[in-house]
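Visitor: Take this structure first; my questions come after.
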Amino acid sequence: MADTISSFWGPVTSPEWCEKNYVYSSYIAEFFNTVSNIPCLILALIGLVNALRQRFEKRFSVLHISNMVLAIGSMLYHATLQRVQQQGDETPMVWEMLLYIYILYSPDWHYRSTMPTFLFLYGAAFAVAHAIIRFGAGFKVHYAILCLLCIPRMYKYYIHTNDIHAKRLAKLYLMTISLGTVCWLFDRLYCRKISSWYFNPQGHALWHVLMGFNSYFANTFLMFCRAQQLEWNPRVVHFLGLFPYVKIQKPKSQ
């Protein structure tokens with residue numbers, strides 16, 4: 001939502017969202033859309049510490065780091081509303097989904113080197129193309145397809161998991177992505193009407209918060225399923241009785 005307030009970053013060169021620009025600072029274009037990425041950053045850091053502390057496979061450390069990179073990229077994009085920073089937000093979104101596809105499908109993939117090689121080349125090609133071409137709606141369709149590719153495998157893991165607490169993580173994943181999508185669509189489709197309200201519910205900022213939790217629940221669920229495949233005796237435990245994380249017990253031979 002453009003306005004005439006002077007800014008540090010200059011004219012807006014990327015799509016805007018349903019939040020007035022530079023209300024709280026001349027350095028932050030969309031304040032709530034920027035700071036709402038902080039929960040994702042914190043949750044990804046917690047997940048990374050847990051993965052490193054218990055020596056999970058490196059793929060999960062990379063996954064948590066990719067969540068952090070995405071959160072930082074989103075903060076820069078919404079703080080500046082510049083084309084380059086928009087690419088720094090959208091390209092890591094695709095990279096992250098490619099990493100999820102690898103983690104979900106690689107355990108049953110017989111040719112182990114082909115999948116990571118293909119996904120790496122695909123991600124690199126997309127980054128180059130996205131730097132040159134403005135995809136617009138095409139990016140959203142592409143991202144949605146990548147997300148849909150993950151669903152069948154997530155469902156397979158869900159039905160083959162007997163642990164009640166692990167299944168709850170999967171349900172929380174589904175709930176947060178559903179609510180987040182509703183908030184995203186509401187903010188995008190009804191912005192003109194929302195702009196006339198006294199109070200802006202900040203639907204896009206809520207999307208950021210919910211997707212931060214969504215990524216954490218998805219990562220934790222996948223860590224549980226992978227530990228189960230490796231026979232590491234995983235358990236979902238709760239810090240202070242509320243915050244879920246995976247605790248494993250590897251065989252002594254490992």
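Placed from the backbone N, Cα and C atoms, the Cβ positions cover glycine too.
Values in this document were obtained by computation on a predicted structure and should not be read as measured data.
Marked as Ca(2+) binding site by TrEMBL: TRP17, GLU19, ASN21, GLU30. Annotation comment: TrEMBL describes HIS78, HIS204, HIS208 as Zn(2+) binding site. Residues or ranges marked as transmembrane segment by TrEMBL: 31-49, 61-81, 118-135, 170-190, 205-225.
Please situate the listed features within the shown structure.
Guide: The Cβ of GLU30 (Ca(2+) binding site) has GLU16, TRP17, GLU19, ASN21, HIS78, ALA79, LEU81 as same-chain neighbours under 8 Å, each 6 or more residues away in sequence.
Non-local neighbourhood of HIS208 (Zn(2+) binding site): ASN33, SER36, ASN37, PRO39, CYS40, SER74, each in the same chain, at least six residues away, with C-beta under 8 Å from its C-beta.
If one looks beyond the transmembrane segment (118-135) by at least 6 residues along the same chain, the residues whose Cβ comes under 8 Å of a Cβ in the stretch are 87, 90-91, 94-95, 98-99, 101-102, 142.
Beyond the transmembrane segment (170-190), the same-chain residues lying 6 or more positions past its ends with a Cβ under 8 Å from any Cβ of the stretch are 17-18, 154, 157-158, 161, 201-204, 206-207, 210-211, 213-214, 217-218, 221.
If you look at the transmembrane segment (205-225), the same-chain residues 6 or more away from its ends with a CB under 8 A from one of its CBs are 19, 32-33, 35-37, 39-41, 43-44, 46-47, 51, 56, 60, 63-64, 67, 71, 74, 100, 103-104, 154, 157, 161, 163, 166, 169-170, 172-173, 176-177, 179-181, 183-184, 187, 234, 236, 244-246.
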Visitor: Please list, in sequence order, every residue of the chain apart from HIS78, HIS204, HIS208 whose Cβ lies within 8 Å of the Cβ centroid of the Zn(2+) site.
Guide: TRP17, GLU19, GLU30, PHE32, ASN33, THR34, SER36, ASN37, SER74, ALA205, TRP207
